[in-house]
Amino acid sequence: MFDHFVVSVVVCPVLVALTVRWLAGRLRPEAAVTVLVVSIVTAAAACLVSLAAFALKAVAELHPVAVRLGFSDAVVRADTSREPWAPGLSVVLLLVAVAGLTRVWRRHRREDAVAAEFRGLPVGTDRVALIDDTRAEAFAVPGTPGRVVVTTGMRAALNDQQYGALLAHERAHLDSRHHQLVLLARLAAAVHPAFRWVTRRIEFLVERAADERAAEQVGDRRVVATAIGAAALRATHTRAGLPITPARQDLRAAGVVPRRVASLLAPRFSAGLLTLVAVPVSVAAASVIWTGECVADLGELLYAAGMLH
């Protein structure tokens, strides 16, 4: 079983992370971000299942458990006799992953509670809630229906074209369910440290995808670029817990806004490069296959030990 541990827990997650990081700056974000997130989530899920399988093996290696259930713990231990540390390490890694998942989920619940404060605001057919506040803020609030919250301070800071671009950007977050993609990426990062390396790239891609969607609706990439710059310059200190979408975090990330503006002003990537997303997808699929074999091998091992008779 140890080869499954190496592939599903070590090799595949690292390969997926490397390919996602490499592709993040080379593909049209609006077309690639979902596929890239699915790739890292799939690899993370496969890793988690493999860790659970090895953790179960670690429990089965305990003599009191074997005596209680009437099977041979020696047979179970023999499978990884050259790597006796692997099952125990899997238990530790599994506990760390579960703790990380819990932490991310609690953070999500806190952010959702903050978002709930704005879901009761009245909106029109444009799904925009304008609130009286001198601070320059604009953010998307996911929900049913989702809405865009804009302060009077932000509205006053932008001309009509820039304001339209800002609304198109925030609506793109809602329509594409970008908050869910970011949550999934963070959950994957909680499972495997390799994915922490690419989570910021995914968040940047989400912002870029919303930028491109806004540019398509507005019909002028330069207008969207100037709107992003103007909004970032005028954005003021936000209230505690307000960042409930990637857009709000982006405004505080040094260097991200200039990169977004530069990307909008540069020529678009060739659509032909989109086929490169098959690389992380294939690696993630291979991880699932290896994980399936790992679970099957564990079943055969426990059967041979007399546990499943």
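Placement of Cβ uses the backbone N, Cα and C atoms for every residue, glycine included.
Note: TrEMBL annotation is automatic and uncurated.
Annotated domain 'Peptidase M48' per TrEMBL: 117-180, in sequence order. The domain 'Peptidase M48' (117-180): residue composition by secondary structure is 28 helix, 14 strand, 22 coil, according to DSSP.
Annotation source TrEMBL lists transmembrane segment at 6-24 (among others). Sequence-distant neighbours of the transmembrane segment (6-24) (same chain, 6+ residues past either end, Cβ-Cβ under 8 Å): 32, 36, 39-40, 43-44, 46-47, 49-51, 90, 93, 192, 194-195, 197-198, 201-202, 204-205, 276-277, 279-280, 283-284, 286-287, 290-291, 294.
If you look at the transmembrane segment (31-56), the same-chain residues 6 or more away from its ends with a CB under 8 A from one of its CBs are 1, 4-5, 8-9, 12-13, 16-17, 19-20, 23-24, 86-87, 90-91, 93-94, 97, 181, 184-185, 187-188, 191-192, 195, 198, 202, 205-206, 208-209, 271, 274, 277, 280-281, 283-285, 287-288, 290-291, 294-295, 298. Under the heading transmembrane segment, TrEMBL lists 31-56 (among others).
Residues or ranges marked as transmembrane segment by TrEMBL: 85-105 (among others).
The feature transmembrane segment is assigned by TrEMBL to 269-290 (among others).
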